[in-house]
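Okay, so here's the structure we're looking at.
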Amino acid sequence: MARFIFITGGVVSSLGKGLMAASLAALLQERGFRVRIRKFDPYLNVDPGTMSPYQHGEVYVTDDGAETDLDLGHYERFSGVPSRRSDNITSGRIYQNIIAKERRGDYLGATVQVIPHVTDAIKDFARDDTDDLDFVLCEIGGTVGDIESLPFIEAIRQLKNDLGRGNVVFVHLTLVPYIAAAGELKTKPTQHSVRDLTSFGIQPDVLVCRTEHPLPDSERSKIALFCNVPKEAVIPALDAKSIYDVPLHYHAEGLDKAVLSAFGLNIETPLDLHRWKEISDRLANPEGEVTIGVVGKYVGLQDAYKSLHEALVHGGIANRVKVNIVWLDAEMFEGNNPEAAEALSSLHAILVPGGFGERGSEGKIAAVKFAREHKVPFFGICLGMQMACIEGARNTAGLKKASSSEFGPSEEPVIGLITEWERDGEREERAADGDLGGTMRLGAYPAVLKAGSQVAEIYNSREITERHRHRYEVNIHYKEPLEKGGLVFSGMSPDGLLPEIVERPDHPWFIGVQFHPELKSKPFDPHPLFSDFVAAALKQSRLV
């Protein structure tokens, strides 16, 4: 039977529960344990798919087509275990399922209540499909005391009794703020957070204390005394230069040992973390650097492109270079902005990421044109590929009125709504006036690469599988004029109906992909497209 580690947060949000969970999972894996990480999100949205990127950040898509929290990206990158739909649950989805059961009469006339119906649903989710695991780590979103999270806190309290006290450990992440005026670290917020947690019936076994300054031994003893945990289970968590240093820091402070000890597992075998040390060394001691501009719509919140940022870092790791990312608002390239050309001229490569809606689209097209004309390495992802096709249609294929039907009626809809596609041998269909949530082409789909193409060489394969999240696609009826304009359709769906990759053979590095390769990139296994893109940027840096 799997053991469960429940991770809660206190004092403030955004302390890094997700990174802590991912780091702990990685350390347990290095000890040979089989792990899986799950996320409980207390918000009432069914999933984050329809939420604003500025509110939620990135939507992380799994192989099986789930739109999930960005923390699942950290889980997958650190552990290497592909996330699944069953690894993320929201209050919205729980209530949706419960209400559907009530409408069907499944509760046989019983009064449907938070306890036991909601809490039972949460417990079922936590325990589902865990028989082949050693540890299941469950992160509870939000902060202890939030009204929204109370059913989850109650559910994990019950699980300790259901599963047996030796099979559940509670890890609580808090903030130990530094008051500059007094020159002191303050432990009182942590004490109050633990008091709130214990008032709900949960005594934490391990305390992780985020702090900007080293936590003195006397303060650890004080926290241990007032929070009723062993001193060895008070783990300092200082800021790190890179998120890939975090597992090393946590191991040095004894997090994995404290958690195993709380389970009664006293394992003294030294841990070999050479893989993580190698990554840390490459990041700390690069042999060069490149500057890549990301021309996007949501650059005001970098979490909106979290996996993209990490994939570029992974490309830098593969090439032993530091990647400097310049975030550029696409709208600055619309009209005659004298600063626009200057901003692009200083870049070694240009990337246009995914997005939705018309705002900023002309700026993205202008950035594509600059990259094409000035032979700057260009990478278009999802909407970025579509903008590359519109730019090519207008400026190299003679289709001056080319646009996307996403932006309104068009005389030349080079980009159109896809209403049906094939998945696992079956046709999926969507209506133009259907719901927004969960109706896109989501999850992993195969593609066939053109023999001799640049992407076939990069992948070293003719067949690939990548993750998608889109409802618009390059209109196959414009394939011929676009190819006459210099674009090569080097990747297609197996049925030959959906363009997946375009490239320009007359350009040093110009590739557009309809999928999201950043979702599969990992520090120990950088995605080949990002590795090659950064290599192209490095080559460009030596030319300017």
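Heads up, the Cβ atoms here are built off N, Cα and C, so glycines get one too.
It should be emphasised that the depicted structure is a prediction, and the values quoted were computed from it without experimental measurement.
Over in Swiss-Prot, the protein carries these features:
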ACT_SITE  CYS382  active site, nucleophile
ACT_SITE  HIS516  active site
ACT_SITE  GLU518  active site
BINDING   SER13, LYS186, THR187, LYS188, PRO189, THR190, GLN191, LYS222  UTP binding site
BINDING   SER14, LEU15, GLY16, LYS17, GLY18, LEU19, ASP71  ATP binding site
BINDING   TYR54, GLY355, LEU383, GLY384, MET385, GLN386, GLU406, ARG471  L-glutamine binding site
DOMAIN    291-543  domain 'Glutamine amidotransferase type-1'
REGION    1-265  region 'Amidoligase domain'
Looking only at the binding-site residues SER13, ASP71, THR190, GLU406, CYS382 (active site, nucleophile) has its closest CA neighbour at GLU406
Not counting SER14, LEU15, GLY16, LYS17, GLY18, LEU19, ASP71, residues with a CB within 8 A of the CB centroid of the ATP site are GLY9, MET20, ALA21, HIS74, GLU139, LEU173
Counting across all protein chains, other CB atoms within 10 angstroms of the CB of ARG471 (L-glutamine binding site) number 18
CB contacts under 8 angstroms to TYR54 (L-glutamine binding site), restricted to the same chain and 6+ apart in sequence, sorted by sequence, are TYR298, GLY300, LEU301, ALA304
Looking only at the binding-site residues SER13, SER14, LEU15, LYS186, LYS188, LEU383 (L-glutamine binding site) has its closest CA neighbour at SER14
Students should find that the Cα atoms of THR187 (UTP binding site) and LEU19 (ATP binding site) sit apart, in Å rounded to an integer, by 22
Pairwise CA distances across TYR54, GLY355, LEU383, GLY384, MET385, GLN386, GLU406, ARG471 (listed as binding L-glutamine) top out, in Å, at 23
Among SER13, LYS186, THR187, LYS188, PRO189, THR190, GLN191, LYS222, which the record lists as binding UTP, the farthest-apart pair of C-alpha atoms sits at a distance in angstrom of 23
Here the Cα-Cα span from LEU19 (ATP binding site) to GLU518 (active site), rounded to a whole number of angstrom, reaches 18
Mapped onto three states, the DSSP assignment of LYS222 (UTP binding site) reads helix
Cβ neighbour count (10 Å, all chains) around GLN386 (L-glutamine binding site) is 30
Of the binding-site residues LYS186, PRO189, GLY355, MET385, GLU406, the one whose Cα sits nearest to the Cα of GLY16 (ATP binding site) is PRO189
Most isolated by CB count within 10 A, of the binding-site residues GLY16, GLY18, PRO189, is PRO189
Ordered by sequence, the long-range same-chain Cβ contacts of LYS186 (UTP binding site) under 8 Å (at least 6 apart) are VAL176, PRO177, TYR178, ILE179
GLN191 (UTP binding site) falls, by three-state DSSP, under helix
One finds that other Cβ atoms within 10 Å of the Cβ of GLY384 (L-glutamine binding site) number exactly 26
